[in-house]
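Colleague: This structure is in structure tokens; I'll ask about it shortly.
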Amino acid sequence: MEPPQVPAEAPQPRASEDSPRPERTGWEEPDAQPQELPEKSPSPALSGSPRVPPLSLGYGAFRRLGSCSRELPSPSPSWAEQPRDGEAELEPWTASGEPAPASWAPVELQVDVRVKPVGAAGASRAPSPAPSTRFLTVPVPESPAFARRSAPTLQWLPRAPSPGSTWSRGSPLAANATESVSPAEGCMVPPGSPACRCRCREPGLTKEDDALLQRAGIDGKKLPRAITLIGLPQYMKSLRWALVVMAVLLAVCTVAVVALASRGGTKCQPCPQGWMWSQEQCYYLSEEAQDWEGSQAFCSAHHATLPLLSHTQDFLRKYRITKGSWVGARRGPEGWHWTDGVPLPYQLFPADSEDHPDFSCGGLEEGRLVALDCSSPRPWVCARETK
């Protein structure tokens with residue numbers, strides 16, 4: 001590629017009244033008229049070393065708006081292409097008497113672009129079109145020396161080459177800078193950096209989540225909306241917490257049920273059919289009448305005995321048995337005693353036992369113990385402990 005030729009004066013695009021107008025540089029003559037240069041016209045001689053522009057970035061310079069300097073810097077690869085964290089950065093030129101790059105105001109980038117169309121195939125004899133020269137003025141909103149990391153909120157435009165330009169055609173730095181910015185990801189920092197992972201990652205299922213679902217045989221499209229919104233890991237974490245809360249509530253309910261059951265009142269102890277349950281004992285109230293011996297035999301057949309006042313006094317008082325039913329007391333050679341052989345207390349002796357010495361069986365009348373004839377038929381009560 002031939003080096004671009006520097007025109008005497010190139011037409012500039014018409015700018016609006018609000019946009020700043022670029023000043024004339026030292027290369028332009030006040031009374032010079034625009035003219036077209038031939039294809040192989042020699043470049044004007046400049047004092048000092050020859051100024052060779054970069055092959056891919058063109059020839060241009062940064063100039064502060066409102067600057068009074070008319071001298072353009074000599075382009076060199078050291079400031080035209082400077083890698084910074086995998087991206088191409090341009091180092092601005094500071095004229096004498098101007099502030100440092102850190103305090104620059106908005107600048108203008110003037111670029112001399114020489115476009116030389118590629119001719120037809122070698123076998124074709126058609127002449128190639130003449131090259132055209134364009135002098136472009138591009139306003140830059142911020143100083144190029146301003147580091148990207150110091151202003152993460154600024155949004156950078158994607159560096160895509162325009163048709164007919166030489167951008168990223170021969171410069172590896174420009175190509176790397178274009179590849180490092182992925183518009184699809186919406187992130188202007190390198191894809192592997194933590195800032196991009198935190199800021200550019202969209203909610204939803206990732207590739208790892210899809211792989212896990214496919215391995216488990218679950219279709220990711222049929223999952224609830226909550227999973228697609230917050231992601232599978234966050235959903236599983238919330239599900240685990242819900243299971244923990246449910247387990248705690250279940251344990252509390254189990255403890256409460258056991259405590260209430262243990263503090264319950266009386267336990268239901270079954271008694272034979274026709275028997276009554278009271279105070280941990282079963283009672284049988286007969287509707288027939290028999291002598292004392294027959295009544296005791298009936299109770300013994302049902303693993304019971306005639307009631308003992310020491311154990312059944314409350315029950316007999318509650319039901320007010322006043323028909324003179326038999327009780328488990330009898331007089332023997334050694335005095336009155338219960339059917340289990342325990343002697344009766346003196347205060348429980350029948351009052352009329354001395355008047356009727358032949359009455360040897362005890363009965364209950366009007367709530368008190370009396371001596372009765374053992375052969376007389378009377379109703380009876382059987383008592384036994386629950387099993």
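Quick reminder: no glycine exception, Cβ is built from N, Cα and C everywhere.
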Colleague: Say a student had to find the phosphoserine annotation in Swiss-Prot: which of Ser143, Ser171, Ser193 would be the correct pick?
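Modeller: Among Ser143, Ser171, Ser193, the one Swiss-Prot marks as phosphoserine is Ser143.
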Colleague: Which residue in the list Cys361, Cys382 does Swiss-Prot annotate as forming a disulfide bond with Cys374?
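Modeller: Swiss-Prot says the disulfide from Cys374 goes to Cys361.
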Colleague: Of the listed cysteines Cys282, Cys299, which one does Swiss-Prot record as disulfide-linked to Cys382?
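Modeller: That record, Swiss-Prot, gives the partner as Cys299.
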Colleague: Name, in the order they occur in the sequence, the residues of the same chain whose CB lies under 8 A from the CB of Cys299 (disulfide bond) and which sit 6 or more residues away.
Modeller: Tyr284, Thr305, Leu306, Trp380, Cys382, Ala383, Arg384
Colleague: For Cys361 (disulfide bond), write down the residues of its own chain that are at least 6 apart in sequence and whose Cβ falls under 8 Å from its Cβ; none is a fine answer.
Modeller: Trp292, Trp326, Ala329, Arg330, Arg331, Ala371, Leu372, Asp373, Cys374
Colleague: Kindly report the helix/strand/coil residue split of the domain 'C-type lectin' (278-383) according to DSSP, in that order.
Modeller: 24 helix, 36 strand, 46 coil
Colleague: If you count other C-beta atoms within 10 angstroms, which of the disulfide-bonded residues Cys374, Cys382 is the most crowded?
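Modeller: Result for the most crowded candidate: Cys382.
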Colleague: Limited to the domain 'C-type lectin' (278-383), I'd like the whole-number average of pLDDT.
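Modeller: Result for the domain 'C-type lectin' (278-383): average pLDDT 79.
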